[in-house]
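If you look up Swiss-Prot, you'll see 15-35, 42-62, 79-99, 109-129, 132-152, 201-221, 247-267, 278-298, 306-326, 334-354, 377-397, 400-420 (among others) marked as transmembrane segment, on the strength of sequence analysis.
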Amino acid sequence: MEIQNNLYGIDLYTILPESILIFCLLTTLIIDLSLDSKNKSWIIYLNTIGLILSGLFLCLQWNGIIPVTPFPSFKGDSFSIAFRFCIIIASLLSLLLSIDYIKRAGVQLMEFVIFLLGATIGGMFLCGANDLITIFTSLECLGLSSYLLAGYSKQDIRSNEAAMKYLLVGGASSAILAYGFSWLYGLSGGKIILSEIVDGLIFADFVNPLIKWITLTCIIVGLGFKISAVPFHQWTPDVYEGSPTPVVAFLSVASKTAGLALTIRIIATIFPYLENEWQFLLQILACLTMIVGNLVAITQTSMKRMLAYSSISQAGYLMIGIISSTNDGYASSLVYMLIYIFMNLGAFGCVILFGLRTGTDQIRDFSGLYLKDPWLASCLTIFLLSLGGIPPFAGFFGKIYLFWSGWQAGLYILTFVGLLTSVISIYYYLRIIKIMFVREAKEFSSYVKNYVIPVNSLLPQSSVETAMIVCMIASSVMGIAINPIIQVAQKTILSTIPFI
């Protein structure tokens, strides 16, 4: 019998990176059930190698020939490859950030790895999903794994509460999005492939505009929950505060990356054929997201909640590139998302390391950290300055490219709001830096006074430090090499958007 290289309309080579991770997931499950706990630590290396191999195959596929299939439910184009690669980076760094934390917490490492791989696989499929069924299935795979990760610390009441809130809000947002998809299915004459839906919408001009507005609103609300846009952000601070810190680090970048890829694909493909006013609606959401996220972040006393509201504001910046609906706009969102992964995971890495040594994440407890642990304080300073958009770090150039693309697209008010709120964000980032660099011993927090000074070494002492070093180098070097990165992003978008 002839061996087919196509399964349900998906070229098998296209999903080879996901297949590697599925193999790692199944292997981890089998080993977890068959071996004693003391013999399972090496499985971390297997999954790390699997993530690296998956990323390498994505690099080999980039800018290659896009497979043509009879039922293209999944697209392996350069656009999806770029975002899937970002998710691989986020997962790999999150795994490194998690190992020491989980060992200290005394919970099952294998379960965490299984949930992490499940979320990674769901996010990667979501980046290339090209029909309504695949989109919703991938979204639920990512969502269910994320809910389990949020409630991973079963003995922690806050973690259980975070998982419950995340489940309820995530389920509601998925239901709203599915309702919007059902209207889209009807308007297009029963089509589920995105390109075929567009063909159906072209001939749906006779439909009542109210129905189109209902469809548009439901989809925007559903996507808004996924990327934590205001006013659909209420779940984010509570879930971030209650979930284990490594889980928060992963959710803050991986789910946002997958949500951004889905949003761009739907907006570039379908929205122009629904209503012309969608840009105005998204501009209002983007302005609210940037303003609320940054203003509320100023009042926070917990590093995790502060980074949660910072993550909300970053979603507003990313929306500038999406709303511009230009090649440079989409490319700027991709570039900033890649930079954001490193600087945000690096900041969370510092919070994790400080928490492992002190047991707290309150901002005031970082007081005087520089004199006790200058390396950790310097790393956190670099990440916060990059998040604030201070040169010469990568975050500055990423924001400049975003704002430039918005200005070129005529989004003057939105760009001005972005610049203004970016200046506001510098205040609360610098406030934390100022607290760390106090020199008076009487101003030191009790946690810093009892801080165990680590052994000085040129080599990282833990997986958390390894991930932090990678993020710190990336946050610094990417600012210097920003032009090649922008060129790669532009090439990715130019080769994809006409066929997205």
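Quick reminder: no glycine exception, Cβ is built from N, Cα and C everywhere.
Note that the structure is a prediction, hence the values are computed from the model and not measured.
If you count C-beta pairs under 8 angstroms between the transmembrane segment (400-420) and each of 15-35, 42-62, 132-152, 306-326, 334-354, the highest count goes to 306-326. If you look at the transmembrane segment (15-35), the same-chain residues 6 or more away from its ends with a CB under 8 A from one of its CBs are 43, 46-47, 50-51, 53-55, 57-58, 61, 74, 76, 84, 88, 110-111, 113-114, 117-118, 120-121, 124-125. In this chain, the transmembrane segment (109-129) lies out of contact with the transmembrane segment (306-326); the count of Cβ pairs under 8 Å, excluding pairs fewer than 6 apart in sequence, is fewer than 3. Taking residue pairs at least 6 apart in sequence, the transmembrane segment (247-267) and the transmembrane segment (109-129) share three or more C-beta contacts under 8 angstroms. In terms of C-beta pairs under 8 Å, the stretch of 79-99, 247-267, 278-298 lying closest in packing to the transmembrane segment (201-221) is 278-298.
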